[in-house]
Amino acid sequence: MKVDVLLGLQWGDEGKGKVVDVLTPKYDVVARFQGGPNAGHTLEFEGQKYVLRSIPSGIFQGDKVNIIGNGVVLDPALFKAEAEALEASGHNLKERLHISKKAHLILPTHRILDAAYEAAKGDAKVGTTGKGIGPTYTDKVSRNGVRVGDILHNFEQKYAAAKARHEQILKGLNYEYDLTELEKAWFEGIEYLKQFQLVDSEHEINGLLDNGKSILCEGAQGTMLDIDFGSYPFVTSSNTVCAGACTGLGVAPNKIGDVYGIFKAYCTRVGSGPFPTELFDKTGDQICTLGHEFGSVTGRKRRCGWVDLVALKYSIMVNGVTKLIMMKSDVLDTFETIKACVAYKMNGEEIDYFPYDITDEVEPIYVELPGWQTDMTKMQSEDEFPEEFNAYLSFLEEQLGVQIKIVSVGPDREQTIIRYTEE
């Protein structure tokens, strides 16, 4: 057996949570492989809206095993709040959610450090979510981190050492803070965490594969936020690309099967950094309003723009995407024309690739297509798609070289249309 991977191809917020929930019935296991509570996966069904930050999106399927892998960073306080909210709505987590002992813990001082570093950067700030993600991964790489497995023995000593080291750094930054409430909630989260199955996830996952179980690996954020391949330094602190599933779960490269790449019919970005197709006019505001484009974790208004095919082709390349999934098609239902960026103009030269030194000065070169101006939210099969929408899909597939297997026409799990069903 091989694992399949589901990941975002843009700057995050593509709708991965909903798609995982839609795909989950065909899998036995859903495993999260990177990131932390800085990204929220939003799911809507049966009139309820859920935002998952650390827990895999397969948790809503009652018979599925869900695994938080070693590549994830976990805040015990936020995890406790998220898990208790799910349990209160009738979902049994403790039997079905397994957590890697090798996952690193976000400490209260990591969150303080995150805020202090951003404050020190002034106008050059990256625009982090303030959840302590960067400082936690920094400690991991510098071999100073505290892991989930550490809570089982000699924990107080390791925590005290990490806290003292962080306080020395904060002293140098001259940043005022109060840990009292953060620490109280954090240690309550630690006790709650002990109630779950803490596992050697790499052994568990490979054992499940050997026993013929099907596994879906769930990524967070998006390819353009990858620490190596994103628009550095305006990126996250982990590998959001397909290779991150190997290092974040302990899966060998030859065990990767299908790679599902998710993108919106337009583009959004939260925080600072280059965004070639960003719109600063009423069209951008209209997309934001119709798409409800506000961060599920921070509540920040997302920057909006037309779909960027240059960036998408780059993401498809570095991930080895085999199947595409287009989200939020319905947001563009009322537009008379739709634009798609097919190249950039940079330093007076036209280029069709995503460059190392991309800046805000990059000018998008667009192709304009007719809009479909049809309400697609109640459509149940591709046979109902308007001619203009089919033309848009064909144009995208020709440009990107990969079939668009799934189209989302609304936020609910039922508003999902599978294409190429003859396969």
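The first residue you see is number 1, and the count goes up from there.
Just so it is clear, glycine is given a Cβ too, placed from its N, Cα and C backbone atoms.
In three-state terms derived from DSSP, ASP13 (active site, proton acceptor) belongs to neither a helical nor a strand segment and is classed as coil. Annotation comment: Swiss-Prot describes ASP13 as active site, proton acceptor.
Taken from Swiss-Prot, the feature active site, proton donor applies to HIS41.
Per Swiss-Prot, the feature GTP binding site maps to 12-18, 40-42, ARG302, 328-330, 408-410; the stated evidence is sequence analysis. Its Cβ placed at the centre, SER329 (GTP binding site) has 25 other Cβ atoms within 10 Å.
Swiss-Prot lists ASP13, GLY40 with the feature Mg(2+) binding site, giving sequence analysis as the kind of evidence.
For ARG300 (IMP binding site), the same-chain residues that are 6 or more apart in sequence and have a Cβ closer than 8 Å to its Cβ are VAL270, GLY271, PHE294. In the three-state DSSP scheme, ARG300 (IMP binding site) is classed as coil. Among the features that Swiss-Prot reports, IMP binding site is placed at ASP13, GLU14, GLY15, LYS16, ASN38, ALA39, GLY40, HIS41, THR129, ARG143, GLN221, THR236, ARG300.
Residues within less than 8 Å, Cβ to Cβ, of ARG302 (substrate binding site) and separated from it by at least 6 positions along the same chain comprise ASP13, THR268, ARG269, VAL270, CYS288, GLU293, PHE294, GLY295. Annotated substrate binding site per Swiss-Prot: SER296, VAL297, THR298, GLY299, ARG300, LYS301, ARG302, in sequence order.
Checking each of the binding-site residues ASN38, THR129, GLN221 against GLY15 (GTP binding site) by C-alpha distance, the shortest gap belongs to GLN221. The Cβ neighbour count for GLY12 (GTP binding site), using a 10 Å radius and every protein chain shown, is 26.
Spacing of GLY12 (GTP binding site) relative to GLN221 (IMP binding site) is 4 Å (Cα to Cα, whole number). Between the C-alpha atoms of SER329 (GTP binding site) and GLN221 (IMP binding site), the distance comes to 20 Å. In this structure, the binding-site residues under consideration are LYS18, LYS301, and the one with the smallest number of other Cβ atoms within 10 Å of its Cβ is LYS301. In this structure, the binding-site residues ASN38, THR129, GLN221 were compared by how many other Cβ atoms lie within 10 Å of their Cβ, and the smallest count belongs to THR129.
For VAL409 (GTP binding site), the count of additional Cβ atoms within 10 Å of its Cβ stands at 25 [all protein chains shown].
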